[in-house]
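What Swiss-Prot says about this protein:
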- H69, H71, H239, D314: Zn(2+) binding site (BINDING)
- H69, H71, H239, D314: Fe(3+) binding site (BINDING)
- R78, Y141, H174, Q242, S319: 4-imidazolone-5-propanoate binding site (BINDING)
- Y141, N316, G318: N-formimidoyl-L-glutamate binding site (BINDING)
Amino acid sequence: MFACDELLLNASTIDATGLQLYNQAIVIRKGRIEWCGSEDQLPVHFQESAKSRKDCHGQLITPGLIDCHTHLVYAGHRAAEFRLKSQGVSYADIAKSGGGILSTVQMTRDASEEELIDQSLPRLLALKNEGVTTVEIKSGYGLDLQNELKMLRVARQLGDMAGVRVKTTFLGAHAVGPEFKGNSQAYVDFLCNEMLPAAKNMDLVDAVDVFCESIAFSIRQAEQIFQAAKNLNLPIKCHAEQLSNMGASSLAARYGALSCDHLEFLDENGALNMVKANTVAVLLPGAFYFLKEKQKPPVDLLRQVGVGMAIATDSNPGSSPTTSLLLMMSMACQFFSMSIPEVLSAVTYQASRALGMEKDIGSIEAGKIADLVLWSIKDSAALCYYFAYPLPHQTMVAGEWVS
């Protein structure tokens, strides 16, 4: 009888705050971390009776990376709009001519589930190939009952096909469905009374998100949706304070939000309310870069008051067409002046908190699922130093090496 399935020796690791630890050992048993700590404190019975052992030669092991904010299920692309923007055409003019989010909605509606899988699976596999083991995927390009459910079904299937843990978020409140043009309140009522309960009844949704902004949904409408989610025992998230300060972060915190995302215009009151609610700030440097934003999220304020910060790709066709979480990590350092430990924690422990999964994943601790990445580097700073470079690595998911 073996004491463990796998024994990883002579490794460096990171703790939940992103600090690097050296001379570490990790014991894996039945898909979970049985023990971890300094190698000189490793219990003798694990040393003497391990089914398999690996000398890591001082290389870095991190938790499996977590992309906690994506919109990667969609059809088509918006490269033509990118060309127009490069020629000086405004987003408003593009939207008036039928472009913008509603163009993606139409292409996604027109696509079958099989076509959505064919187009979206490569995006998920690209994340997996960077050491990402858990991904959040939002709906929001259907904007009617049939197509929102279609997107959520595809997201579930993608996780099974790619061998990646997928958490689904219902984002019917991404924009007003075109059938309800000029009557956003009727759309919100339909969303709360029909769409969200159907997604819940089919077990397709893990959380509920709202884009609360002057160009999307009002504070009052966001609260109506949050209350509907609460009535269904679903946790909430919020696209908040991206373009202006509407108080969405404080509202979301009042409902115990897992995360508020974007946050370029967050103020101190919103940040303090997020702290009280243990709400994570999810920062999205890809959108900041692609949209040429000038207003940065208030990292110093978040740091000062103690709001946990996560980083994600925001993978989507309109404002962040990327599938590289490693690139986002480098951008977070360069654009947002986050420290190396902050960024490493942002894509592991803090990202797990943003999904409500911190009890199972996100850090190297006894009892947690053994999602790990063994990198071909010894200095943790290298994960943020390189950009657009595929660092060699091996990935373990639930105790099994998958690459």
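Cβ atoms here come from the backbone N, Cα and C positions, even for glycine.
Secondary structure from DSSP puts H239 (Zn(2+) binding site) in a beta strand. Cα distances from R78 (4-imidazolone-5-propanoate binding site) to the binding-site residues H69, H71, H239, G318 are smallest for G318. By the criterion of other Cβ atoms within 10 Å of the residue's own Cβ, the least surrounded of the binding-site residues H71, R78, H174, H239 is R78. A 10 Å radius around the C-alpha of H174 (4-imidazolone-5-propanoate binding site) takes in these binding-site residues out of H69, H239, D314, N316, G318, in sequence order: H239. The candidate set comprises the binding-site residues N316, S319. Of these, N316 has the most other Cβ atoms within 10 Å. Nearest neighbour of S319 (4-imidazolone-5-propanoate binding site) by Cα distance, taken over the binding-site residues H69, H71, H239: H71.
When every Cα pair among R78, Y141, H174, Q242, S319 is compared, the largest distance found for this 4-imidazolone-5-propanoate site is 21 Å. Distance from the CA of D314 (Zn(2+) binding site) to the CA of Q242 (4-imidazolone-5-propanoate binding site) is 13 Å.
In this structure, N316 (N-formimidoyl-L-glutamate binding site) is part of a beta strand by DSSP. For the binding-site residues shown (Y141, Q242, G318), fewest C-beta neighbours within 10 angstroms: G318.
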